[in-house]
């Protein structure tokens, strides 16, 4: 068991080191984005929502075709991938990179690797369910996709995408401020109260 834990830890460290090397040119930008997404200042949530709203308003106003939108998005990614590693050190100053920043960058990369592992784990469990319980798999998939299709039919695609993107960008800040754990705890307490009341009635 200890050997497996050590092997898993070594694999995690190796994957994290590889990701750090790949994202080294984006280090300064990632740290700034991390501070914004974790709401280190009170006006950061408003800035995030404002930026997302502006982007989606531009998309709504321009109303590009799917092909044009995908092409522009990929073009933006290519430009960012080319310009950011070149301009970031000049803007932020690579000589100001501190031990604390390096540690935070390492933590971010480690969290990204863990998140990727979770997604892969969920994907593998889904296929394991398909092999072990095909009926449960097909019922679950059809039900879930039917609900998603119904929601997509009721809400405009762009508006739904706006809500999803906004929620995902606000999620790190909500988690860092303890808001999510607060409401999860409140929900658990309410459920426990209901269960206790039901037990008392049964008695």
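Keep in mind that glycine also has a Cβ here, set from the backbone N, Cα and C atoms.
TrEMBL entries are annotated by machine, without manual review.
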159-180, 181-202 - the one TrEMBL records as transmembrane segment: 159-180
Beyond the flanks of the transmembrane segment (68-88) by 6 or more, those residues with Cβ under 8 Å of it: 25-29, 59
Averaged pLDDT score, the domain 'RETREG1-3/ARL6IP-like N-terminal reticulon-homology' (26-182): 87
Cβ-Cβ under 8 Å with the transmembrane segment (136-153): same-chain residues at least 6 beyond its ends: 126, 129-130, 160
